[in-house]
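Feature list (source: Swiss-Prot):
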BINDING   Cys120, Cys121, Cys203, Cys206  [4Fe-4S] cluster binding site
ACT_SITE  Cys229  active site, nucleophile
Amino acid sequence: MLTYETWKENSVSFSEEDETKGALSVLSWAYNEYKDEIVYACSFGVEGMVLLHLINQVNPSAKVVFLDTNVHFQETYELIKKVRERFPSLNIIEKQPELTLDEQAKLHGEKLWESNPNLCCSIRKILPLEKSLAAEKAWISGLRREQSETRKHTQFINQDRRFQSIKVCPLIHWTWKEVWRYVYKHSLPYNPLHDVGYPSIGCEKCTLPVGDGGNSRDGRWAGKMKTECGLHFQ
């Protein structure tokens, strides 16, 4: 088994010459390699809809973890209900932070997402994912290379130093148009906020729509000199 400790660059290769640009091959390898010791961390953005559809073809009972920060858009929670109906066999786990919003406010002050967004992300996203990955050998992410400068060197199989795990990224070669083409082709549900200027959807407190020509991450933590929550730093 390929692990964080035994990982070597280019230790596994995949053909990109298929309709899914290698994604199905990567997922088939991942579930064969890690069996039930791999989880997909899904934010339920549009890339997530593609991955859920592909994962359902490879492993219909796969584990999917959603980091429920308690401050997501209502549209996101409604989408999760639709996904459960569409893919009833998937094991979708809604992971909660240890602190409620009230407890967080008492310890760190009101509106921590404004005063210290890095700490807020750590409490409500990073620590819960750490706990979710503790019993896993690998995890799956929907990162695409064209999303941002920080993601353009992502590989199919990555040594994730942040979580000391293997991170599997099947969609690295997909473009924004290809993601949407797949969603429409398979009539997949998606967050309606995508239709009103939100290419990347996170917590309601820290996500704004993006103007024409903007980077897909521009609406995240606008004005905070921050475009990543910390889950994907290497």
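Placed from the backbone N, Cα and C atoms, the Cβ positions cover glycine too.
Shown on the structure are the features that Swiss-Prot records.
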{"residue": "Cys120", "record": "[4Fe-4S] cluster binding site", "Cβ within 10 Å": "24"}
{"residue": "Cys121", "record": "[4Fe-4S] cluster binding site", "Cβ within 10 Å": "24"}
{"residue": "Cys203", "record": "[4Fe-4S] cluster binding site", "Cβ within 10 Å": "23"}
{"residue": "Cys206", "record": "[4Fe-4S] cluster binding site", "Cβ within 10 Å": "20"}
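In the three-state DSSP assignment, the secondary structure recorded for Cys206 ([4Fe-4S] cluster binding site) is helix.
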